[in-house]
Amino acid sequence: MGSGNLIKAIIRLKKSKQGTEKKKTSAVKPKKGSKKKGTSLVTRSEDWAATRIQTAFKAYKARKSLRRLKGIARAKLSTEKQSVKNQAVVTLRYLHSWSKIQSEIKARRVCMVTEWRLKNKRLEHQQKLEAKLHDVEVEWNGGSETKDEILERILQREEATIKRERALAYAFSHQWKADGKTQWLGSYELGNTNWGWSWKERWISARPWEVRYSVTPKKPKSSKTDSNSPAKRTVSLSSVPAKTPFPGARNTVKPRRLSFPGA
């Protein structure tokens, strides 16, 4: 608006200068000059009123647009706040549910692991019990036996195995004592017929898991024990007179001492 007013003022000044020049040149027609002065004043007041009206209208439009923009910004902020609140609530709800699900999964895994371990322990225990029952019921005859009778039979088996081992040890020691060649353990004597008992036969005969006897009723133990029984004897080869070693053997070889305690 300021530039337009300046242009108008410049135009008016030019017009006024032209009017004064015309007045000087022409002294005639004094009435026409007075009319032009009145018209110039009217145009100036109209222009000033138009500019005031235009500035007021433009200010009103600017205030209205500013108010509208402020309302839009306020509405956006309120909507964003509400959306942010809703989003935060939803995310918190999802996080809570997810953490709950994770805790349930973890508890379930721990429970499954503990159940698996307990199941394995139960299976191992059951297998042990089945093995024991199988050992007990190897010679099961389907008879009407009580618990005491079964336990008595088991004790008889154990005692019989112990007696058998002692008898075999005693017989082996006496057989070895009778044979003089067994004092020196040479590599060639393992295949000799006079050896009688090999290590394999001794190991098989001493196996406790095989039952090689018949079940007999338990007899009362006697108060006196035979001091010369085979179970109480121990035999050592150190008391046997040494013989000359076989040819080709070293002089540093010493006779071995073998003893079989009565256990």
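Even glycines carry a Cβ here, placed using N, Cα and C.
As recorded in Swiss-Prot:
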COMPBIAS  25-38  compositional bias 'Basic residues'
COMPBIAS  226-241  compositional bias 'Polar residues'
DOMAIN    46-75  domain 'IQ'
REGION    16-41  region 'Disordered'
REGION    59-78  region 'Calmodulin-binding'
REGION    216-263  region 'Disordered'
MOTIF     21-28  motif 'Nuclear localization signal 1'
MOTIF     107-114  motif 'Nuclear localization signal 2'
Tally of DSSP helical, extended and coil residues in the motif 'Nuclear localization signal 2' (107-114): 8 helix, 0 strand, 0 coil
Secondary structure tally of the domain 'IQ' (46-75) (DSSP, helix then strand then coil): 30 helix, 0 strand, 0 coil
